[in-house]
């Protein structure tokens, strides 16, 4: 659906490349995350998809079209197929909720009856039918983002671009908006590109993710692989921030390891079985259970002492548990 072929972008002012040699593909119907720190090039990347920016080198192909080669009419048609939602909502303050949602339909010259019916349908989908006559100033942040989503869907796009769509929201509202986005992907088959600086957002809704650092893709793959086995320093930093950077507390001895359980292994009593079999004692330094979309996984950070620690690590691994050494000898 979307392909970047060795894309670079350098702005005239400053001359520093915002993107350098970016190549990636987004499959039709998937939720693709792009994560990076501020200034990594995320917003530039997403603006290249709908032609708000043009590449300095390389090609951006969207639904079969070379975006940079499109004329005015072609870009207008592309933007009807590519909806976008923003961090700060970008609503028209002088128009009601219904008028904001109807705006792109009116610009497209749709008949009044169609505009009215489509607007009502979209407001129902995002749960705002009762707020159709309100103005943006009367809405909460989450409600404003729902209006933005409804407006982005007005022209039945194939692609939805989400530029930091939850970063201005509180945690509970973020969960609700992510649930809505995931539902749109499931129910409408939308291809979604989600820009964020939060690994927790990626884990919650994305199928695959690209990690950007200083304008370059430093890692790309399935969310499960990148989250549980990050290969780049940048990805490891984001995972630590999402999980909590647990290291040995002062005075804690032994070998400190992180155990990662995935799928059904998450709920099995592996820890007790290994401790009994090997005589190893353990102190729990941290732990949590989460989901990568629908797949449960758990992580425990332990200090292992006494007994046969090497045998304990081998037994964990034989049970399908990943073991990462955080201090002491390296686990295999």
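Cβ coordinates come from backbone N, Cα and C, glycine included.
According to Swiss-Prot, the protein carries these features:
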type: BINDING; residues: 36, 37, 38, 39, 40, 41, 42, 43; note: ATP binding site
type: DOMAIN; residues: 2-239; note: domain 'ABC transporter'
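Locations of recorded Swiss-Prot features on the structure.
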residue : record           : CB count, 10 Å
36      : ATP binding site : 24
37      : ATP binding site : 14
38      : ATP binding site : 7
39      : ATP binding site : 14
40      : ATP binding site : 23
41      : ATP binding site : 23
42      : ATP binding site : 23
43      : ATP binding site : 19
Excluding 36, 37, 38, 39, 40, 41, 42, 43 themselves, which residues in that chain have a Cβ inside 8 Å of the centre of the Cβ atoms defining the ATP site? 197, 212
What does DSSP say about residue 43 (ATP binding site): helix, strand or coil? helix
